Amino acid sequence: MLLLLGRKRVPLSLAHRLTRLPRPPSPSRPVLLRSALIKLRAITGETHNTVFVSATAQNTGTMPERRPFVRLPTDVYPVNYGLCLKPDLIDFTFEGKLEALVEVTQATNQIVMNCADIDIITASFVPQGGEEINATGFNYQNEDEKVTLSFPSALQKGSGTLKVDFVGELNDKMKGFYRSKYTAATGESRYAAVTQFEATDARRAFPCWDEPAIKATFDIALIVPKDRVALSNMNVIDRKPYPEDENLVEMKFATTPIMSTYLVAFVIGEYDFVESQSSDGITVRVYTPIGKAEQGKFALEVATKTLPFYKDYFNVPYPLPKIDLIAIADFAAGESLETALLIDPKNSCSSSRQWVALVVGHELAHQWFGNLVTMEWWTHLWLNEGFASWIEYLCVDHCFPEYDIWTQFVSADYTRALELDALDSSHAIEVNVGHPSEVDEIFDAISYSKGASVIRMLHNYTGDEDFRKGMNAYLLKFQHKNASTEDLWDCLEQASGKPIAAVMSSWTKQMGFPIIEVEEEQVSDDRVLKISQKKFCASGPHSGEDCPSWMVPVSICTSEDPKCTKLKVLLDRPETSITVSGVAPDQWVKVNPGTVGFYRIQYSTAMLERLLPGVRDLSLQPVDRLGLQNDLFSLSRAGMISTVEVLKLMEAFVNEPNYTVWSDLSCNLGVLSSLLSHTDFHEEIQEFIRDLFTPIGLELGWDCKPGEGHLDALLRSLVLGKLGKAGHKPTLEEARRRFRDHVEGKPVLPADLRSPVYLTVLKHGDSATLDTMLKLHKQADMQEEKNRIERVLGAISAPDLIQKVLSFALSEEVRPQDTVSVIGGVAGSSKQGRKAAWKFVKDNWEELYNRYQGGFLISRLIKLTVDGFAVDKMAAEVKSFFESHPAPSAERTVQQCCENINLNVAWLKRDADDISQYLLQRRGPPV
């Protein structure tokens, strides 16, 4: 298989994937959008012809109403595609020949296929043993991306060959068969031809039955310049000169397994590679830009460890002889595939290594979950992505236990999903998809991060042994076929004997999640807990008659052994009482140990006060210290407690040693700092941040110490960046000194210090600083370094320099998919930046929309630009702008942003005076 590696598409909502996961670091959270990345999935199944009409029920999270969508008819279906493509890398066109072996199931005088941006030259049908019948008409239905081939007489039931000659464009839209710009060793710009077909863009490369359940085998041939590398899903079986042009060769690839069209992939370009074999004999290659083969070694190491891990975990072997992973410079599913795959030992930071490990783990998981068994229709896409977004962590934990990756999951995926899913404009995990154009809208943090979180909860509820048993049964039963979400629940139910379908449908078919309210009473040597559930909303608890409820797996631990679950119950009603035996009056009781259940918790005041010393003395597990703080922060935003209570709790983290706990605290303080930029006491929250982060900053220092590991490097980068941005003078002075040395090449900054130093000097810098940074960007050979600089440029403060950064975002210097993170960096850095970025997006809307239309980047751009406003009129202004400048694939993102702006306004109105008073009356040491 060929794996086009890419993003963990942080999602946007994250258009989404605004991830908190350390990745190539960013002053704000990156997007965890991982995927449509890859692909190659191998599978088979029956064809279906169903009319889907999406309803408008906002409360169930279905899509806005659209005209009925009709799937392809089933009277003709493909068995094998013989496909030959000849791309022209100068004129950006391609010629194609399709010879598809098809089965006619009932007589018809037309064949309906998917086709977009392709011109058919000729088409004919040859019945088995019969005469060729030429098509007499091609009727394109552009809106439906279909073509109807008409024949003068009925095609009779039975086998036959459909022949189509066609031409198309190597587009620059990062979808279908497209051109990808790169710089050759000579310095000249050249283009590769690459593919991105998920979800529905195979039809831009060849006419096909472009639905996941209409599977076939593929015999692919490519006619390409003889000095280029050509790759496809399978291995090359023949390479011969092309008779019409001595500069070209024809490459034939082995027949694929039976699989969906969206898994087909091909690449023509200039690449080096590194190769290895996994312990179970699979040849693994990582293809890199010319001269960068060394940078593929880390991904190669991860891939060769990962394949045997999945084989063992699923108890199902990898179904192909080889796998290729390739870094594509322009890839719509992620900021850049290069940063998702390439690691330079000297110039890559720790978060980049971790990012690569997660992306490789995610994409290789799809070889089983997605490729071997494929969803029957896009409605079940969440299961593909949610599952891969969960198991990538399991895989990285296996390969790199020192990463403490499951604690990072809680900060990167779990809490982000809770934030988004508390909005009225959220949607259920499982959304009925009719028209495939709706797929982009659900490729968001709900499908990825909430999907992964509820699968983590399910794994915990089922138990690892029964979970693996059920997974194995599912993969064996449906291999090379298609399946629905319910098919997996059935297999897990049979393996575990637990009511999996009933429990899980309460989490996947309705949007939102509960808040669990907990009160306690000591009865002799027992603690009696009264627990109740109601829907949690970002604007406060759900009130009203028709409150939804969930089947909630609830675990409980006590201070006697914080790591050990003492009791498990399934809360399947609004409220219940639970007796925890053998709990002394001075011991605390904690609900949801490990922060696995997908819900918020509100403890009674007495219970919370008993838990707080566990934060200071670190007796609570790191993931539970994080979860407690994050729950309280979200309750304050929802108006259920005062924000001052959270600030007091945050001060208890002064002894905190754990990177991920600090990372989540830092994110929430960033949200608060952004909110308070709309007040006249913004400096006071900076002082609070300096006071909180100074002790850990002093303890860590600037330089790596012997015996330190991955997490120490991440923590140092986080803390120094936070102190520098907040104006901590010693940090600023040291950052400036080290930056000067770095620019002069004596000594060069270690990769892990570059983001915090760049951010600090820009935040407090002038035009000379910005010019130096732009020069570093131009000189950077590594895409990771370019992206690192692009993400922090927005920190500059002067209005004229902010404009310069925004203009730079649309310049030739920045690759189209990276423009969004430059504009987002401006919007996220200050109140002035936010206003300027929004104006810039409005002024340049036509160019930006044309560049990203339909893809997730347009949603991400909108979210990054407007989500932080906290001014009454802004929600109406944003809504009105997108009414007159519609962006259909970002419709839900616009709703979510307007809702967030209104929530920010309410939060400020409610708590600003109390926060101001608290910050003014506490006096930290002078800076």
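In case you wondered, yes, glycine gets a Cβ from its N, Cα and C as well.
Heads up, TrEMBL stuff is auto-annotated, nobody curated it.
Positions annotated as domain 'Aminopeptidase N-like N-terminal' by TrEMBL: 78-263. Residues or ranges marked as domain 'Peptidase M1 membrane alanine aminopeptidase' by TrEMBL: 298-507. Residues annotated as Zn(2+) binding site in TrEMBL: H362, H366, E385. Feature annotation from TrEMBL assigns active site, proton acceptor to E363. Under the heading site 'Transition state stabilizer', TrEMBL lists Y448. Residues or ranges marked as domain 'ERAP1-like C-terminal' in TrEMBL: 588-902.
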Test of understanding: give the count of other CB atoms lying within 10 angstroms of the CB of the residue listed as 'active site, proton acceptor'.
30
Cβ neighbour count within 10 Å of H366 (Zn(2+) binding site):
27
Cβ neighbour count (within 10 Å, all chains shown) around Y448 (site 'Transition state stabilizer'):
36
Rounded distance in angstrom between the Cα atoms of H362 (Zn(2+) binding site) and Y448 (site 'Transition state stabilizer'):
11
Out of E363, H366, E385, which of these recorded positions is nearest Y448 (site 'Transition state stabilizer') by C-alpha distance?
E385
Cα separation, E385 (Zn(2+) binding site) to the residue listed as 'active site, proton acceptor' (Å, whole number):
10
